[in-house]
């Protein structure tokens with residue numbers, strides 16, 4: 001039994017930046033440091049930050065006055081930003097710059113009183129934050145998830161000639177393309193972003209799974225169940241005909257998965273650390289894997305700076 005390791009996998013630049021922001025804030029300002037929502041969707045990472053003094057909350061009313069709060073990588077609505085400002089909370093923004101790009105697209109469309117369609121999953125914090133960028137009283141913003149959702153928009157959209165679409169950054173590339181095709185069919189004049197909203201890391205990790213799924217008998221995806229991009233990797237493997245399993249830790253592995261397997265694929269979502277991947281590999285070796293081969297893939301060199309305040313403090 002052999003393991004094929006996907007490349008690229010694991011942390012993306014946005015996740016790396018978000019975690020660094022929490023770590024530096026803890027070092028410089030001392031705990032507790034409050035974080036609105038899980039800074040990234042990974043249980044291993046969140047538990048580690050909790051042990052160091054981070055306190056994760058869902059709403060700003062859980063943050064005491066005169067404290068620091070960090071916004072998660074998924075972004076927040078303008079209403080949340082305004083609330084933090086009114087309470088004079090010290091804010092460090094860990095929103096992924098690629099999510100911020102989508103926020104700016106929505107805000108720009110809102111100022112032009114265009115209607116906006118967001119392709120995304122209801123209830124996901126990134127979707128809530130993106131929807132919360134829209135402020136036009138005369139337009140409207142609508143959420144769709146599947147191509148079948150698009151037809152119902154015909155009764156809602158006021159001006160099909162003044163319509164714009166954006167998407168959640170962590171979706172399935174193929175499924176998003178299907179929704180966009182349907183939007184363009186139903187609304188021929190709809191406008192979209194100059195560059196695809198699906199983030200580079202989401203695209204690259206899905207491409208790596210496509211390569212791996214053709215070769216392996218089983219695909220193991222390291223990531224938490226509330227991680228959108230990790231879930232999409234599992235779903236993609238299954239769509240390509242390979243059994244996929246999404247796991248948070250080595251203890252989640254069922255030896256039965258590998259009974260008839262000769263090649264096991266392993267990848268990790270953008271919020272899963274390499275330390276956790278190594279633990280998973282060790283467990284699969286205990287179950288009989290004799291070697292690990294890393295598959296060649298697209299090289300990533302993206303890097304996002306942390307806020308200047310934390311950079312300056314670190315120098316001092």
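Cβ coordinates are placed from backbone N, Cα and C, and glycine is handled just like the others.
A 10 Å cutoff on Cβ-Cβ distances gives residue 126 (active site, proton donor) a total of 26 other Cβ atoms nearby, all chains included. Annotation source Swiss-Prot lists active site, proton donor at 126.
Around residue 74 (dimethylallyl diphosphate binding site), taking its Cβ as the centre, 28 other Cβ atoms fall within 10 Å, counting all chains. Residues annotated as dimethylallyl diphosphate binding site in Swiss-Prot: 41, 74, 124, 227, 228, 229, 271.
Close to residue 124 (dimethylallyl diphosphate binding site) in the fold, though at least 6 residues off in sequence, lie 74, 168, 228, each with a CB less than 8 Å from its CB. Taken from Swiss-Prot, the feature (2E)-4-hydroxy-3-methylbut-2-enyl diphosphate binding site covers 41, 74, 124, 169, 227, 228, 229, 271, and the record attributes it to sequence analysis.
In the three-state DSSP classification, residue 229 (dimethylallyl diphosphate binding site) falls within a helix. The annotation isopentenyl diphosphate binding site is assigned in Swiss-Prot to 41, 74, 124, 227, 228, 229, 271.
When the binding-site residues 169, 227, 271 are compared by the number of other CB atoms within 10 angstroms of each CB, 227 has the fewest.
Same-chain neighbours of the isopentenyl diphosphate site beyond 41, 74, 124, 227, 228, 229, 271, judged by a C-beta within 8 angstroms of the site's C-beta center, are, in sequence order, 40, 126, 170, 226, 230, 269, 270.
A separation of roughly 12 Å, to the nearest angstrom, links the Cα atoms of residue 227 (dimethylallyl diphosphate binding site) and residue 169 ((2E)-4-hydroxy-3-methylbut-2-enyl diphosphate binding site). For residue 41 (dimethylallyl diphosphate binding site), the same-chain residues that are 6 or more apart in sequence and have a Cβ closer than 8 Å to its Cβ are 223, 224, 226, 227, 228, 230, 271.
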